[in-house]
Ligand SMILES: [Zn+2]
């Protein structure tokens with residue numbers, strides 16, 4: 001049904017903040033100022049993406065035109081066999097840029113596309129990859145070979161970062177708690193520059209799993225590590241908390257949140273008695289805390305590594321909107337608004353990605369860079385459709401930044417994927433769902449209902465479906481068909497010639 005009337009959201013809305021996987025969301029009632037709708041333009045065709053000639057062919061998957069006539073909704077512009085054949089290469093790459101959408105599967109991408117680009121539109125980053133496939137994400141039960149069909153981000157990150165399946169909560173250790181070498185550590189030891197970027201806390205599963213090895217994802221800082229990961233604690237002869245290991249692994253560029261953990265104090269070792277922040281300074285890290293200071297950076301290397309701490313916890317999300325509730329789809333449709341509690345001093349994922357590439361590209365040997373949009377997952381847990389969609393759009397914009405680099409630097413492999421599926425589903429607008437629902441007005445000027453039905457009252461749960469994979473550049477053809485997420489480690493390793 002065509003709906004030409006834009007219905008604005010209610011004036012007061014509940015904004016959810018800071019949802020960790022293990023904790024319930026904290027509800028804070030905040031007034032939302034005069035709504036500033038994000039997508040208000042009627043649907044129009046996206047301009048075609050310019051096609052590169054030297055690094056495979058990017059897609060222009062816009063629909064052809066009138067979606068109501070025969071062939072009008074098709075996205076394929078021409079027969080692609082020859083173009084794909086010509087783009088396939090297994091030559092070694094200099095650069096790998098890996099994008100992870102936390103809790104981002106087909107459902108999250110489709111909902112975001114419908115809202116921001118229209119059902120027949122496409123994302124100029126997320127949707128243009130010539131090779132796509134899917135990977136399985138199951139994890140293991142700790143200490144066993146038994147399968148857990150629903151992974152968390154820690155077991156998932158351990159799998160794609162190290163090639164080893166492990167248990168939920170594991171940070172780059174195997175099912176028996178034995179440390180596994182990560183792709184970032186491997187690339188670094190082979191002389192590549194490295195970068196680790198996220199919109200969440202730096203100690204959260206994805207960034208942590210690239211640079212630390214602990215038995216529980218909770219072990220952010222020394223105090224918690226003594227309790228939850230005693231074998232990893234420095235005072236017990238371990239490698240220390242996630243934050244301490246992040247500092248020691250020393251990627252050339254590390255951007256994200258999680259500043260709070262740096263206030264904790266080391267219990268043993270060279271920096272015993274000092275805060276982890278003081279340790280970073282003593283280790284010659286260039287610490288930046290906002291866009292302005294980030295943009296003053298001119299170099300990032302092992303003598304002068306870069307540490308961006310842009311929030312105490314997770315970075316504030318881009319968009320906000322009404323919270324899903326039981327029978328939420330029976331009310332009026334809403335538009336998403338810019339998050340009023342987000343300041344332009346906080347860098348966007350696109351800005352962090354651009355700066356990280358800028359700093360890493362000067363390294364002769366090349367680089368490995370991981371970029372995570374982490375709060376797609378957090379907002380999914382909180383049944384916050386607008387928060388989730390805004391972070392998916394942010395991921396798309398960051399990918400566009402990387403694609404622009406790859407077009408100029410043909411020896412670049414870009415991989416885009418998620419780490420596990422999640423709860424949100426697009427359901428009929430008149431559905432009588434037992435779950436929590438919210439109805440949004442999309443760019444098509446059509447109502448879309450998003451359903452969250454994996455928890456009655458607590459945090460919404462991950463789900464166990466396979467997750468989309470996509471790639472561009474040499475070795476991209478390997479990201480086709482059905483893979484397991486452990487394949488990612490080996491595909492990247494091979495692409496680097498390691
Ligand atoms: Zn999660």
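Glycine is treated like the rest: Cβ placed from N, Cα and C.
Annotated Zn(2+)-binding residues in TrEMBL are 102, 377, 381, 419, 420, and among 213, 462, 475 the one listed with them is 462. Selection of the recorded positions 204, 229, 336, 377 by a Cβ distance under 6 Å from ligand 1 yields, in sequence order, 377. Rounded to a whole number, the distance between the Cα atoms of residue 386 (disulfide bond) and residue 419 (Zn(2+) binding site) is 20 Å. Proximity to residue 206 (Mg(2+) binding site), judged by a C-alpha distance within 10 Å, picks out 102, 153 from the recorded positions 102, 153, 229, 336, 381, 462.
Its own atom aside, the Cβ of residue 336 (disulfide bond) has 28 Cβ atoms within 10 angstroms in the protein chains shown. All protein chains included, residue 153 (active site, phosphoserine intermediate) registers 28 other Cβ atoms within 10 Å of its own Cβ. Here residue 386 (disulfide bond) is positioned 20 angstrom away from residue 420 (Zn(2+) binding site), judged by their C-alpha atoms.
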